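One structure below.
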């Protein structure tokens, strides 16, 4: 009888991470540890790191989606800092959120003030209508 081990005992369930329970890719346990070690508050609730990890994951996915579109527009398959810069600065809400952030190697948005653009020449304007009493019935030649 001896040496047979425990019989009828319940097998312990496989460990499941808090990230997988919440359906997230970002690490809930690491966020919890960082919240505790950062001394932001004396105590940290169980839901706080899950919520914060979800917010961080959403923001990251949003930025990467826009940066991927910018990379595709430039016919590239790899996202570089320039694509991140274009994605953030062209989006009104992300630009407001990350207004004080400098992205290394990001460059600037292409922007030329309207007053600096060359003026339209008189050659592009069609001939004036005759000043006689009759109105011109000719169709405009401007394209």
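Including glycine, each Cβ sits where the backbone N, Cα and C put it.
Residues or ranges marked as compositional bias 'Basic residues' by Swiss-Prot: 7-19.
The ubiquitin cross-link annotation in Swiss-Prot covers 14 (among others). DSSP classifies residue 14 (ubiquitin cross-link) as coil under the three-state reduction.
The ubiquitin cross-link annotation in Swiss-Prot covers 16 (among others). Counting every protein chain shown, the Cβ of residue 16 (ubiquitin cross-link) has 8 other Cβ atoms within 10 Å.
What Swiss-Prot records for 120 (among others) is ubiquitin cross-link. Residue 120 (ubiquitin cross-link) falls within neither a helix nor a strand when secondary structure is assigned with DSSP, and so counts as coil.
Marked as SUMO2 cross-link by Swiss-Prot: 128 (among others).
Residues or ranges marked as SUMO2 cross-link by Swiss-Prot on the basis of a large-scale study or a structure entry: 135 (among others).
Annotation comment: Swiss-Prot describes 2 (among others) as phosphoserine.
Residues or ranges marked as N-acetylserine by Swiss-Prot: 2.
Marked as N6-acetyllysine by Swiss-Prot: 6 (among others).
As annotated by Swiss-Prot, N6-acetyllysine applies to 10 (among others). Proximity of residue 10 (N6-acetyllysine) to non-local residues of its own chain (separation of 6 or more, Cβ distance below 8 Å) is seen for none.
Per Swiss-Prot, the feature N6-lactoyllysine maps to 10; the stated evidence is similarity to another entry.
According to Swiss-Prot, the feature N6-acetyllysine maps to 37 (among others). Taking the Cβ of residue 37 (N6-acetyllysine) as centre and 10 Å as the limit, one finds 8 other Cβ atoms among all the protein chains shown. The DSSP secondary structure for residue 37 (N6-acetyllysine) is helix.
Sequence-distant contacts (6 or more apart, same chain, Cβ under 8 Å) of residue 122 (phosphoserine) do not exist in this structure. Positions annotated as phosphoserine by Swiss-Prot: 122 (among others).
Taken from Swiss-Prot, the feature phosphoserine applies to 140 (among others), supported by experimental evidence.
Annotated phosphotyrosine per Swiss-Prot: 143, in sequence order.
As annotated by Swiss-Prot, region 'Disordered' applies to 1-22 (among others).
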Next on the checklist: Cβ neighbours within 10 Å, counted over all protein chains: which one of the recorded sites 14, 120 has the most?
Outcome noted: 120
Checklist entry - Closest to residue 37 (N6-acetyllysine): which of the recorded sites 14, 16, 120, going by Cα position? => result 16
Checklist entry - At the Cα level, what's the spacing in Å between residue 16 (ubiquitin cross-link) and residue 120 (ubiquitin cross-link), rounded? => result 68
Checklist entry - Roughly how many Å separate the Cα of residue 120 (ubiquitin cross-link) from that of residue 14 (ubiquitin cross-link), to the nearest whole number? => result 73
